[in-house]
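Contents: one structure, followed by commentary.
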Ligand code: MF3
Ligand code: CO
């Protein structure tokens with residue numbers, strides 16, 4: 001059963017999304033050589049609390065942190081830690097915020113200082129892939145239309161699209177149906193309806209798509225050691241353009 005949100009739930013999700021967007025804007029200034037992901041995690045949690053929100057990831061299925069912070073070849077669910085980020089690194093900071101029962105989930109890859117041209121292109125392609133997926137996410141379309149829009153754009157660059165993790169329905173819990181793969185065939189999958197809330201969050205690798213799991217049981221990294229980036233928004237489906245609750249440029 002896929003939930004369609006009430007007007008009140010949508011309102012709460014939009015408020016949650018605005019808070020997430022503001023925290024990401026604030027992070028931009030902090031993510032510099034020398035900072036640690038543990039510091040970023042503390043900053044995000046503090047900002048959430050000051051806004052009267054809570055970190056929905058903390059305690060979720062035993063996950064212990066407010067954020068996931070995935071560096072370089074880490075795909076997702078990296079643990080915040082005490083090592084400093086270095087010039088040329090990339091870090092994906094991903095978090096879910098709960099504001100009075102409304103959830104918002106957004107991941108963003110940050111470049112540490114100057115990064116290589118290769119990394120800049122990977123980031124640009126992944127972000128564009130997210131927005132192409134978003135444009136396909138309207139009532140009447142199917143989940144496969146989102147996946148196909150992303151796959152058709154990304155694969156000509158020779159990049160790998162992570163398959164083990166997907167976008168998802170969101171609210172009342174972090175992960176709800178439907179599952180939204182970032183590859184697929186148009187016209188296939190679940191039909192999108194007005195009022196559904198979903199995430200789109202492509203994870204794209206410079207190398208192959210395959211992932212391996214770290215011994216911590218959470219963190220996924222590329223099997224071939226290639227670099228991985230991710231951009232994620234939370235959306236509300238309408239019969240036109242979806243509402244991007246976590247848009248930072250609004
Ligand atoms: N934002 C992450 C996702 O979309 C949430 C991960 S749940 C956690 O999958 F427990 F790992 F934080
Ligand atoms: Co998500």
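Glycine is no exception: its Cβ is also placed from the backbone N, Cα and C atoms.
Feature annotations, courtesy of TrEMBL:
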- 77, 175: substrate binding site (BINDING)
- 94, 105, 232: divalent metal cation 1 binding site (BINDING)
- 105, 168, 201, 232: divalent metal cation 2 binding site (BINDING)
- 11-239: domain 'Peptidase M24' (DOMAIN)
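If you check the binding-site residues 77, 94, 175, 232 against residue 168 (divalent metal cation 2 binding site), the ones with a Cα inside 10 Å of its Cα are 175. Between residue 77 (substrate binding site) and residue 201 (divalent metal cation 2 binding site), the C-alpha separation comes to 13 Å.
For residue 175 (substrate binding site) paired with residue 105 (divalent metal cation 1 binding site), the C-alpha to C-alpha distance reads 10 Å. Residue 175 (substrate binding site) is surrounded by 15 other CB atoms, counting those within 10 A of its CB over all protein chains shown.
Recorded residues residue 94 (divalent metal cation 1 binding site) and residue 201 (divalent metal cation 2 binding site) have their alpha carbons 10 Å apart, per Cα-Cα distance. Take the mean position of the Cβ atoms of 105, 168, 201, 232, the recorded divalent metal cation 2 site; other residues of that chain with a Cβ within 8 Å of it are 94, 106, 107, 167, 170, 199, 200, 233, 234.
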